[in-house]
Amino acid sequence: MKFEDVLAAVNGFGRFQIMVSVISFIGRFTLPCHFFLNNFIAAIPSHHCDLSLLEDGGRYGNLTQAQKLVVGVPVRGDGSPDSCRMFLEPQYHLLMNSSNSSGAPTVPCQSGWVYDNSTFKTTLTSEWDLVCDQRGKNKATATIFFVGVMFGALLFGSLSDKFGRRIMLLVSYVSGMLFAIASAFSTSYVMFVVLRFFTGFCITGIVIISSVLTVEWVDIEHRKLIGVIDSLAWTFGSVIFVGLAYLVNEWRWLIVTVTAPVFFAIFIWRWMPESARWLIANGQLEKAQTYLKRCARMNRADGFSEALKMETLASIVVTEKKGRVYTYLDLIRTPNMRSLASRTGILWFCVATTFYGISFNITGFGLNMYLTQLVYALIELPTKISVYYLLDMIGRRSSMMGAMLMSGTCLGINILIPDDMSVARTVVAVFGKAFSSASFTILILYSSELFPTVVRQNGMGFNSSMARMGVAVSPLILLLDEVWKHLPQVILCSTAMLGAMVARTLRETRNRCLAETIEDIENL
């Protein structure tokens with residue numbers, strides 16, 4: 001007997017599944033806020049050298065601020081003031097607009113920087129001067145956060161397969177909230193990045209556990225619907241985040257604001273059920289029976305008594321060995337599992353690198369960063385609705401392959417569009433973001449269907465860690481524009497195309513029962 005038969009008896013999609021989905025939705029709402037937080041808290045305002053050193057002795061006299069910049073700061077090729085250098089001595093002759101300053105000696109900023117606070121009152125950049133030679137530290141804050149996410153995915157994936165989905169979800173909520181709030185009160189750069197590492201480490205459990213938990217409670221027919229609904233939590237959070245970032249322009253309070261919803265998620269966690277599929281797989285039949293009866297009552301299912309008898313549940317083959325504990329090593333012990341883990345891992349890396357490479361580049365197209373972020377978020381809504389229909393029309397594999405192929409194509413086209421056509425570049429980037437968002441939506445559902453129950457959470461944990469590795473390198477890829485301005489786009493385009501090729505090698509899971517054991521995978 002299959003678990004799907006038991007789900008059918010208790011109604012595999014009813015009020016119970018909607019409750020699970022809503023609880024998961026609320027918990028996942030805060031995730032995009034933290035994942036895109038660096039776009040705003042680490043934003044680099046317009047800045048120039050602090051010229052107070054040159055003002056010693058009142059040498060500037062009654063010069064206006066604009067005139068001080070003329071005599072104290074060299075200009076770049078585009079005519080804007082240099083952000084990282086200043087004249088060694090005031091160049092008063094430049095006020096006459098008739099002299100060339102190319103021969104005047106310049107030095108790096110000697111007394112720090114002055115920042116434009118018209119958009120942001122405070123950012124990490126202005127707090128700890130993460131500009132010029134320290135620009136790499138600015139990008140590193142995002143990278144360190146996602147390295148934490150990567151390692152957290154491995155741990156929470158393993159622990160939730162060992163101790164259960166429900167309890168580890170609570171651990172993720174509480175620990176993630178505490179570290180996030182603590183990071184808002186950091187007194188140094190080092191303290192901040194350490195706390196952000198642990199924030200990422202802890203909140204990743206919300207991502208991988210809630211998605212698996214909802215899928216394991218839903219019948220085959222409605223898996224894609226639940227997958228899309230779960231992904232809409234990300235879209236909703238992304239849209240709300242733009243408004244919050246606009247209203248709260250101090251980085252410390254923005255962190256506190258986007259973390260606040262986790263309090264509510266912790267409160268409603270009490271109604272989140274454990275996965276009956278996991279309980280049966282681990283021999284906890286009485287608990288599984290309790291949750292299944294609760295499901296049947298909420299869904300008003302009739303005639304479910306026979307399906308929920310202990311002997312019936314015991315007949316569900318979900319474990320290969322009684323009491324065996326599965327680990328990440330089980331992903332590589334057998335040929336088919338090893339092949340599946342390696343291919344899905346590469347695909348997750350490619351999808352995440354592409355998606356976040358586009359998402360982090362909100363100032364690279366010449367438009368307002370809030371507007372770009374909002375458009376990036378809104379485009380996900382029609383994209384995910386389209387995915388809902390495509391998953392059944394052409395299947396998981398073809399949808400995955402097509403989304404990655406089109407995302408790579410958009411990135412390639414953007415290389416050819418001149419920089420002064422900012423609107424055209426943004427439009428193409430938005431389409432690229434749409435296709436990469438579609439690929440992420442498909443991939444979360446697709447991967448949870450590919451792995452068997454006994455190692456599903458381990459598989460998702462491994463895949464999530466591969467994805468976070470991709471996310472961690474994407475801010476660093478964007479720094480390569482100093483080598484060649486189109487190099488980041490070339491790398492992201494190539495990565496998307498590689499993902500499309502890997503997706504083509506995976507098996508289709510449309511309208512198929514979920515695999516329960518590793519043996520099921522080896523027999524395919």
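Every residue gets a Cβ built from N, Cα and C, even glycine.
Under the heading domain 'Major facilitator superfamily (MFS) profile', TrEMBL lists 86-511.
Outside the transmembrane segment (140-160) by six or more residues, the chain places 34, 38, 42, 124, 168-169, 171-172, 192-193, 196-205, 207-209, 212, 327-328, 360, 457-469, 471-473, 475-476 with a CB less than 8 A from a CB of the stretch. Look at TrEMBL and you will find 140-160 (among others) tagged as transmembrane segment.
Annotation source TrEMBL lists transmembrane segment at 167-191 (among others).
TrEMBL lists 197-218 (among others) with the feature transmembrane segment. Note on the transmembrane segment (197-218): residues 7, 12-13, 16-17, 20-21, 24, 27-28, 30-31, 34, 144-153, 155-157, 160, 165-166, 168-169, 171-173, 175-176, 179-180, 183, 225-227, 230, 272-273, 275-278, 295, 444-445, 448-449, 453, 456-457, 460-461, 464, 468 of its chain, located 6 or more positions outside it, place their CB under 8 angstroms from a CB of the stretch.
Sequence annotations record features per position, and here TrEMBL assigns transmembrane segment to 225-247 (among others).
Positions annotated as transmembrane segment by TrEMBL: 253-272 (among others). Only residues 6 or more beyond the boundaries of the transmembrane segment (253-272), in the same chain, are considered here, and those with a CB under 8 A from a CB of the stretch are 19-20, 23-24, 26-27, 29-30, 33-34, 37, 40-41, 166, 169-170, 173-174, 176-177, 180-181, 183-184, 213, 241, 244-245.
Residues or ranges marked as transmembrane segment in TrEMBL: 346-367 (among others).
Per TrEMBL, transmembrane segment is recorded for 373-391 (among others).
Through the fold, the transmembrane segment (398-417) approaches residues 347, 350-351, 354, 358, 387, 390-391, 424-425, 428-429, 431-432, 435-436, 438-439, 442-443, 446, 486, 489-490, 492-497, 499-500, 503-504, 506 of its own chain, all at least 6 residues removed from its boundaries and within a Cβ separation under 8 Å. Annotation source TrEMBL lists transmembrane segment at 398-417 (among others).
Sequence-distant contacts of the transmembrane segment (423-448) (same chain, at least 6 residues past either end, Cβ-Cβ under 8 Å): 211-212, 215, 223-224, 227-228, 230-231, 344, 347-348, 351-352, 354-355, 358-359, 361, 365-367, 372, 375-376, 379-380, 382-384, 386-387, 391, 396-397, 399-400, 403-404, 406-407, 410-411, 413-414, 417, 456, 459-460, 463, 496, 499, 506, 509. The transmembrane segment annotation in TrEMBL covers 423-448 (among others).
Nonlocal intrachain contacts for the transmembrane segment (373-391), taken as residues 6+ away from its ends with a CB within less than 8 angstroms of a stretch CB, comprise 32, 36, 39, 224-225, 227-228, 231-232, 234-235, 238-239, 241-242, 245, 358-359, 362, 399, 426, 430-431, 433-435, 437-438, 441-442, 445, 510. Here the domain 'Major facilitator superfamily (MFS) profile' (86-511) returns a mean pLDDT of 87 for the predicted model.
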